[in-house]
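Just below is one structure, and these are the notes that go with it.
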């Protein structure tokens, strides 16, 4: 099936919001014969869609395949800009790498790179991010804000808020944020965020925000050594979740927060972030390149830098560290 | 001539510090016959070296060609690390672009890219930098400091200090620094600095510092429209200058300041920078993306951000702007 016709067909079902659409209506909407409509519906079935056909009422989709594709992301997407260009691949080494190349070639703000599988998914500090096929959201988003380099780390915090809001919107979970870039459920890692940038000293060229979200993994999908540190939305809710829908919700929440940020600065984002932050007002250990800082996390400053009050009362600014809650 | 033999030969002359070196000594030093030495000396002459040959004393170099090459930069270089890897090309589109590729491929800290000519030299904000052949220093330096992204713009200011110190060491000129990245003589642009970085939100991968230095241009080497805004060291001193020697001095000054910076932070660099800054304590106009700020430049803060006091007494932080002195 031509992808244009398929999009129109899925769009027609999407507009009906789960209800029936008659063959006549479908044939008018996509501009082809009723026989052709029937063929396209068979193609959808082959691709994993389940459809109900009822005489006089027409067709309705009862189950979408749990796959991500350009179409699945675009149809029903409510954003103005984010996700309007989708670069989808089945298997990539890392979505960040592809997004970087696209950004260098001038890709528009809002372009996303999504894959079903990453063979070399990266986390912060060149660490691995385990990204098995068809289970999670492995996505990189390109943005081009007119901000100073000094402000770029704020975007990691903004993204964390957007993802928590989207998860709360769609699932019953209430995740926590751990500075700077992890989202946890019951202390286990659910989401990692990797923000990378290319910039001049006083002008950001592009920021690429990579997210790894564990959605439908069962315990056997994680290697043994991750069992006590990682979890998935499925493991916490005992349900399978529609990843494309989650992507749409994340893009929408991100776009709203990003508009707010560009208009009013980091202050409102900071307040939202602090509401989700698990590491605040607790004793923590921060391991930095220059040594370990032990104290109480008292907040973040307007630059997104973590503030730790040590036992002598002084406040240390932490730009980069691994945080351990005590 | 093999470049290894040529290096040895030039090294022998360099060790003699302008004095004579006997054919016997040269033949021992580079490990070949006296006839071969004579041949290599003829090759040097063809490449633009002027040599004096005196019976019983041997040879001495009376004039080096005003060319830049791997050898010219390396021989006599006094740094520990900066400039030890030289990527030289006659003509490039932009040394920054090549340095970025090298950095992505893992080039070591201290690697420099130098060209005799840039066909598409870039300044700040994607502006052109006029870089005609054989007249200036078009160079990009790769460094990999363990610093936060927020600190990266400080490296532009550090580089400006290094270049001013090098110019003062070698020439009689006393240049001024104009925030953030220009070096001026009598209000005309002598040097431009372009700092670019690739980073994670909390970790710098590489910083590439590009410098365009107008050295030996005469007035006819500048296009008409630059006559009132640009100058060269030659135009200000009426002499031709050895560009390779200037590069060596810049690398040395940079290395010293960079070590100081990594050990003690930005504070000592800030003090040096303020001593050269022409824009401080004067009424200035700063044109930013978000509008124009008029006031008195009162200094830079510890992040390298320019502070302007406006007429109502408030202090504005300027991250990025074009500055006009009044």
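Note: Cβ is positioned from N, Cα and C throughout, glycine not excepted.
Model, not experiment: these values are computed from the prediction.
These features come from TrEMBL:
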{"type": "DNA_BIND", "residues": "B:23-42", "note": "DNA-binding region"}
{"type": "DOMAIN", "residues": "B:71-262", "note": "domain 'BPL/LPL catalytic'"}
{"type": "BINDING", "residues": "B:118, B:122, B:123, B:124, B:189", "note": "biotin binding site"}
Beyond the flanks of the DNA-binding region (B:23-42) by 6 or more, those residues with Cβ under 8 Å of it: 1, 5-6, 8-9, 11-12, 51, 53, 58-59
Neighbour-count leader, CB within 10 A, binding-site residues: B:122, B:189: B:122
Structural state census, the DNA-binding region (B:23-42) (DSSP three-state): 17 helix, 0 strand, 3 coil
Which same-chain residues, if any, lie at least 6 apart from residue B:118 (biotin binding site) yet have Cβ under 8 Å of it: B:91, B:92, B:93, B:94, B:95, B:129, B:131, B:138
Taken over the DNA-binding region (B:23-42), the model's mean pLDDT: 87
Neighbour tally for residue B:123 (biotin binding site), based on other Cβ positions within 10 Å of its Cβ: 18
For residue B:123 (biotin binding site): DSSP state (helix, strand, coil): coil
